[in-house]
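Undergrad: Annotation comment: Swiss-Prot describes ARG129, ARG222, GLY228, GLY229, GLU261, VAL263, GLU268, GLY294, VAL295, HIS296, GLN338, GLU352 as ATP 1 binding site, evidence class sequence analysis. The annotation Mg(2+) 1 binding site is assigned in Swiss-Prot to GLN338, GLU352 on the grounds of sequence analysis. The annotation Mn(2+) 1 binding site is assigned in Swiss-Prot to GLN338, GLU352 on the grounds of sequence analysis. Taken from Swiss-Prot, the feature Mg(2+) 2 binding site covers GLU352, ASN354, and the record attributes it to sequence analysis. Residues annotated as Mn(2+) 2 binding site in Swiss-Prot, with sequence analysis given as evidence: GLU352, ASN354. Under the heading ATP 2 binding site, Swiss-Prot lists ARG778, THR838, LEU840, GLU845, GLY870, ILE871, HIS872, SER873, GLN913, GLU925. What Swiss-Prot lists as Mg(2+) 3 binding site is GLN913, GLU925, and the listing cites sequence analysis. If you look up Swiss-Prot, you'll see GLN913, GLU925 marked as Mn(2+) 3 binding site, on the strength of sequence analysis. Among the features that Swiss-Prot reports, Mg(2+) 4 binding site is placed at GLU925, ASN927, with the record citing sequence analysis. Summarising the annotation, Swiss-Prot assigns Mn(2+) 4 binding site to GLU925, ASN927. The annotation domain 'ATP-grasp 2' is assigned in Swiss-Prot to 742-954 on the grounds of sequence analysis. What Swiss-Prot lists as domain 'MGS-like' is 1026-1162, and the listing cites sequence analysis. Sequence annotations record features per position, and here Swiss-Prot assigns region 'Oligomerization domain' to 457-613. The annotation region 'Carbamoyl phosphate synthetic domain' is assigned in Swiss-Prot to 614-1025. The feature region 'Allosteric domain' is assigned by Swiss-Prot to 1026-1162.
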Amino acid sequence: MPKRTDIKSILIIGAGPIVIGQACEFDYSGTQACKALKEEGYRIILVNSNPATIMTDPDLADATYIEPITPEVVAKIIAKERPDAILPTMGGQTALNTALSLRRMGVLERYNVEMIGAKAEAIDKAEDRALFREAMKKIGLDTPGSMLANATEIKDEDRKRHEAKRAEVKAQFSGDELDKALDKLETEWQLGEVERKQRYMSHALAKAAQALDVVGLPAIIRPSFTLGGTGGGIAYNRQEFFEIIERGLDASPTTEVLIEESVLGWKEYEMEVVRDHADNCIIICSIENLDPMGVHTGDSITVAPALTLTDKEYQIMRNASIAVLREIGVETGGSNVQFAINPANGRMIVIEMNPRVSRSSALASKATGFPIAKVAAKLAVGYTLDELDNDITGGATPASFEPSIDYVVTKIPRFAFEKFPGSSPILTTAMKSVGEVMAIGRTFQESLQKALRGLETGLTGFDEIAIPNIEEGDEKNAIRAAIGTPTPDCLRMVAQAMRLGLSVEQVHDASKIDPWFLEQIESIVKTEERIREHGLPQDAENLRMLKAMGFSDARLASLTAKDAEDVAKLRADLDVHPVYKRIDTCAAEFASPTAYMYSTYETPFVGQPRSEAEVSDRKKVVILGGGPNRIGQGIEFDYCCCHAAFALGDADYEAIMVNCNPETVSTDYDTSDRLYFEPLTAEDVLEILRVEKQKGTLHGVIVQFGGQTPLKLANALEKAGIPILGTSPDAIDLAEDRDRFQKLLIKLDLNQPKNGIAYSVEQARLVAADLGFPLVVRPSYVLGGRAMQIIHDERGLQAYLLDTVPELVPEDIKAKYPNDKTGQINTLLGKNPLLFDTYLTEAIEVDVDCLCDGKDSLVAGIMEHIEEAGIHSGDSACSLPVHTLSPEIVAELERQTAALATALHVGGLMNVQFAIKDGEIFILEVNPRASRTVPFVAKTVGTPIAKVAARIMAGESLEAAFDAYGGKPQPTARPHIAVKEAVFPFARFPGVDTLLGPEMRSTGEVMGLDYDYALAFAKAQLGAGVELPREGTVFVSVRDEDKERVLGPVRKLASIGFKVMATGGTQKFLEANGVESTKINKVIEGRPHVEDAIRNRQIHLVFNTTDSASAVSDSKSIRRATLMQKLPYYTTMAGAESAAEAIAALKAGSLEVRPLQDYFRS
C-alpha cells in the first residue's frame, strides 16, 4: 500500500548520549529515518539530548529539540507540537522505554498520538521476559529453562489504584483544569517512585531465592527492558547470584529479571529480519558470534554471514526468526532475533529479540549495503517492501530482494579497561566494549586480520602475546585458563596457545570456539612459522597468496625482521596490489552505481583480479575518519568528518571517505560520493590513494577531523608526496612537541604553567623535584588524556613511574628487554617523553574553538568549565557563553587565540585550552585540529563550523567559507545559554573509583539549552541521567579552602527547605555561620556513618571535595555508594554552586522546552 496520508507530523525519539551498549549506531538510524520521512513530506519533530549527532543538525528535522529524553520532558514536547505519530524504534532502548512510559502515563491517549514502527503491545511482548517466553512456547520454539523474579502482583495493585484516581480526576475536571489535575497526579506518582521501587525489589528478591533452588548454578541473569545487558551477568555462586539479582532488579525499569539455566559454551547466532504490513518478510543478514554463549553479543567477535551453519540449520533458523516476528506482532520494520545452538546435540533455543533497529542492524546494514533504518522508517508509514527501490543497485532491484553477499565481514569490539583501573577485563552478559571495527574480505582470514589491524590498538595482525602465569611452571593449565577465560585478548591467546603446541581439539575444549574458526587461525599461525623460517616469497603469486590471507605489510615485516616499507617496496616491484570490490547487496548479480568499496587480494582461479573502483576524473578530496570509537575519540569526530563530506560536496569536490566503524553516519553509503570501508593504517590508505590518483585530480587529504587516528598517518602521507589540506603536519608537530611549543610561546609572550620534560625514569624524578608537588604528568602524543595523572607526593610519583608507565610499553619493547622494567620504560620515554606541569589549583579552565585560514581567524566559541582545571576537558561540564569570566578576560582569550592561530598558520580548526588563576591566563595546550567540542559549539552558535573549516582547508578564505553558510556567527546576539555535561560508564565497572581526573573516562555528552543558566544546567543534568532532588537532605564535606565558598550553595538549599548533614569540621563551620546542620561520622570514624546514610536513602544530594591523596582514598566508598544509589554528587565548588542554582530554579517553576530553530530565530 502507498504511504499514509492521515499522518502529517511524526515525533522521532533519539537515543541520547553515547553510553556502553548504545552508541553512534542510533545516530545513523535516526539520521536515516529523519531523511527518509522528510523526503516523503512529513513534518519531523526530533528529540535528542546529544549535540554531537548528525540527526540534531537543525536542517534535518523541522523542529529539533535538544532536550532531556525523559517521559516528562517528551510529554511537554508532545503537548507543544501535537504530532500525529511517534516513531520509537530508532533510538534504542531509551526511545522504546520512553514511549512505553508515555503510553502508561496516558500522554499518547490524551493527545491522540499513534505509535508507529512497533505497537506498544509488541514492544511489551518482546521486552517483557515472561510474555516473550510464553509467546515462544505458543509457536513451538524452545527457550532456556528459566524462572522470573518480579513484583507483578503488587505492581498491578498499585497501577489499579492509580488508574482509579485518574478516572476520578477525569470525571471531576475538563479542559485546562483536567490537564493541570492530570499533571499533578502524575507528579505525585513520580515522587513515589523510589518508595515503590524498594517494595518491588524486596518482593522480587524473595522470588529470586525460590528460583535459585529450581534453576541452579551457574545461572544467567537477564534484566527486562535494559540496554546492552545492563545489570545482568553470570552467577557461579550464591553470593554472586544475589549481588547480580539486586543490581539487575535496580537496573530494570520494570523491576524484573529472568533467571536462566546456563547455556555457556553454546554457539550464538543472530538474524536481522525486516517485515512489512503485507507480511512480506526478508532476512537481511545472518550473524555468527565467534565467542560462545556467555559473552554479550556486543562484546563478541562476530562474522557475517554465519559460516558454520548447514543449509538445513540456516533454513530452520530463518523460518523460526520470521515466526518470532509474526507472533510478537512486529508489523513493520527491522528486528533482531538471537539464537543459541548446543553443539553437542543441535538443540536450538531462542534467547531474545529486539523489536527495533539495533547495534546489529547497523552492522547488518553496513555489511550488506541494505539501509535497514531507512526502509524501516518508510514501512512504518505504510509502504510495503516491493514498493521501495534498492538504492545501492540504483533501483534495479526492489527492497523486497533479500541481500546476497560474496564476501566475509568481521566485527571486533574495542575495550577501554585501561581507563578504569581495578575493573575486571573478563567479559560476561553485560556489555563493556566502547566501540567496534568492521572489516571486509573475500575470505574469513583476510577479513579477520584486516579487523585486527583496524582496531588501532597497535596490532598488525595476530601479534604474539604473553600467557598469564605461564612462568609459574604449570604451563598447560595456564594456557587452558587463558583461552578458557573470555577477555578482549582471547583470540590472540588462542593463536599463542597454538604456537605453544596445543591442537585445535584442545583449544576447542578449553575455549568452546567452533573448530572451523580455530582451523582458520591455525592455518595463519602455521603460515607465520613458514614465513619466519623461509622469509618472504620473491614471486608475485605467492606474495599475493599471503596478502589474500590478510597479512599486513607490518606483520610480514615483523616476522622477517624487516621494515614495513621494505615489504611495501617488494610488493610494488612485483606489482602486488589490492583490487577494490563493491558492496552491492546482490553478489554482483546487478551492476551497482554506488561506490561503496572494500579491498581484497583475492586470487581468482583464472585471469587477473578485477577492480570495481571505477575511479572518476573529478577534483577530489579524501577524508580520513576516526576508526573505532574509544574513550577520547568518538562521535564528535565522526560528526566533523560527515560535515567535511557535506561541505566539499557543496563546493563541487568529490568527497571520498575512508573509515572502518560500522556504527557511524560517515560510513553510510550516501554521506560521501565514494566510501572505502578500510582500516586506517598507512598501508591501507596509501593503496586507496594510489588508485584514486590514477584519474582526476587529488586536491588533498583531510587528516584534521578524525581525532588522533588520521593525524598519526600525516607523516607517512607527506613522505609519500600526498598533499595534506589545512594545517601542516609540521605545525601539528610543533603544537605537540613540548620544546618547540615552549619556544613559540616565549616568542609570542604568552604564559604556560612551569613545566618540564623527562626522557628517563631518573630525569622524571629530577623534573618533579624541580617543579614541586602537586603536578600534572602525561605521556606525549596522546588523546583523551591517556595515563595522565595529578601527582600529589613522592609516593604517587613512584607509583606512576613503576606501575602506570609500564602499562604503556609496547609488546616489541617488552620482548627486547624481557626482565628489565627500567630499560623498557627508558626505551619508551626516549621516543615518547613524559610531560610535567605545575598543577594550578583553584584555576578555571576554558576551551576555545577557533577557525583560521592562515591569515584571518575567528573565535567560534569560548567555553568555561564548571569543573576546575585538572579534570580532563572531555569529562568537564562547561557553559557557552562563559558564566563567571569578565569581558576583559574574554577579550584577552580571543587575542591570545588569534596570535596562536596565526603563528601556527592554522588552516581550518584549532582548539586551545586555557587556565585562569587569580586573573592570570595560562595556556595548557593547543590542538591545531578539530576538537570534541565542535558539534556543541556549532549547535549553540547556529553555524556549521566544521563545514566552514572544510571549505577553508579546500582553499577558500575565512570570509568566503562563512558566507557559504550564512555569514559569521554573532556571539553578542545570542540570548541563550548552553551547558554540556559528560556521561560516564562507571555503573558497568563495579569497584572502580568514580573520582574524575586528567584522564578522560566519559563515553558521551548531553546539552542543556535555555535562556537561564540554572535551567540550562538542570537540563544538562537531567539529560545525563542525574535526577536533581527538589527536597530532602544534602550531605556536605569539604576541604578547608572550600568552606567559605560552600556557604552560598548550602544556604540557598536550606532556604528552600533542604536539611543539611555534614562531617565534623564542615558541620562546625556551617553552625558557626548560621546554617543549621546535623553531624554525621566519616567512614573512618565508626558507624553509623555517611555511607550508611547514603545506602539508607537518608541523603539525596552530596557535596564532597578532597585534597590529599589519603582523603581521596577515604572518600572512595562514598562515591561508589552515591553511584549505586543514583544520587547527584559534586566534587567541585563550581559544580555545587551550579547544582544549588538549578535546584532552586526547578523548585521555582517547571522546565520549558523549545526547538533549536526557535533559539536561532530569537
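Glycine too: its Cβ is placed from the backbone N, Cα and C atoms.
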Undergrad: Have a look at the binding-site residues GLY228, GLU261, GLN338, GLU352 and say which one has the shortest Cα distance to LEU840 (ATP 2 binding site).
TA: GLY228
Undergrad: Once the chains shown are all counted, how many other Cβ atoms turn up within 10 Å of the Cβ of GLN338 (ATP 1 binding site)?
TA: 21
Undergrad: Sort GLU352 (Mg(2+) 1 binding site) into helix, strand or coil using the DSSP assignment.
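TA: Where GLU352 (Mg(2+) 1 binding site) sits, the three-state DSSP reduction gives strand.
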Undergrad: Should any of the binding-site residues ARG129, GLU268, GLN338, GLU925 have a Cα within 10 Å of the Cα of GLN913 (ATP 2 binding site), which are they?
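TA: If one measures from the Cα of GLN913 (ATP 2 binding site), the binding-site residues that come within 10 Å are GLU925.
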Undergrad: DSSP says what for the domain 'MGS-like' (1026-1162): how many helix, strand, coil residues?
TA: 71 helix, 19 strand, 47 coil
Undergrad: Need this for a regression test: binding-site residues GLU352, ASN354, GLY870, GLU925, ASN927, filtered to those with Cα within 10 Å of GLN338 (ATP 1 binding site). What's left?
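TA: Checking each Cα against GLN338 (ATP 1 binding site), the hits are GLU352, ASN354.
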Undergrad: In Å, how long is the longest CA to CA span across ARG129, ARG222, GLY228, GLY229, GLU261, VAL263, GLU268, GLY294, VAL295, HIS296, GLN338, GLU352, which the record gives as the ATP 1 binders?
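TA: Between the outermost Cα atoms of ARG129, ARG222, GLY228, GLY229, GLU261, VAL263, GLU268, GLY294, VAL295, HIS296, GLN338, GLU352, the distance is 20 Å.
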Undergrad: In Å, rounded, how far does the Cα of GLU268 (ATP 1 binding site) sit from the Cα of ASN354 (Mg(2+) 2 binding site)?
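TA: Spelling it out, the Cα of GLU268 (ATP 1 binding site) and the Cα of ASN354 (Mg(2+) 2 binding site) are 15 Å apart.
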Undergrad: So of all those binding-site residues, GLU352, GLY870, HIS872, GLU925, which one's Cα sits nearest to ARG129 (ATP 1 binding site)?
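TA: With Cα distances computed to ARG129 (ATP 1 binding site), the winner among GLU352, GLY870, HIS872, GLU925 is GLU352.
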Undergrad: Mind looking up the mean pLDDT for the region 'Carbamoyl phosphate synthetic domain' (614-1025) in the predicted model?
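TA: Across the residues of the region 'Carbamoyl phosphate synthetic domain' (614-1025) the model's pLDDT averages 92 on the 0 to 100 scale.
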Undergrad: What same-chain residues, at least 6 away in sequence, bring their CB to under 8 Å of the CB of GLY870 (ATP 2 binding site)?
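TA: The answer is VAL776, ILE790, TYR839, LEU840, THR841, ALA843, GLU845, GLY997, PRO998.
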Undergrad: Let me check the 10 A CB neighbour count of ASN927 (Mg(2+) 4 binding site). How many other CB atoms are there?
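TA: The Cβ of ASN927 (Mg(2+) 4 binding site) has 21 Cβ neighbours within 10 Å.
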Undergrad: Write out the long-range same-chain contacts of GLY228 (ATP 1 binding site), meaning residues 6 or more apart in sequence whose Cβ is under 8 Å from its Cβ.
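TA: Within the chain, GLY228 (ATP 1 binding site) has Cβ neighbours under 8 Å at VAL19, ILE20, GLY21, GLN22, HIS296, GLY298, ALA430, MET431.
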Undergrad: Between the binding-site residues ASN354, GLN913, where is the Cβ count within 10 Å the lowest?
TA: GLN913
Undergrad: Where the distance is taken from Cα to Cα, which of the binding-site residues ARG778, HIS872, GLU925 turns out closest to GLU352 (Mg(2+) 1 binding site)?
TA: HIS872
Undergrad: How many whole Å apart are the CA atoms of ARG778 (ATP 2 binding site) and VAL295 (ATP 1 binding site)?
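TA: ARG778 (ATP 2 binding site) and VAL295 (ATP 1 binding site) have their Cα atoms 34 Å apart.
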Undergrad: Given ASN354 (Mg(2+) 2 binding site) and GLU925 (Mg(2+) 3 binding site), what distance in Å do their CA atoms have, once rounded to a whole number?
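TA: ASN354 (Mg(2+) 2 binding site) and GLU925 (Mg(2+) 3 binding site) have their Cα atoms 44 Å apart.
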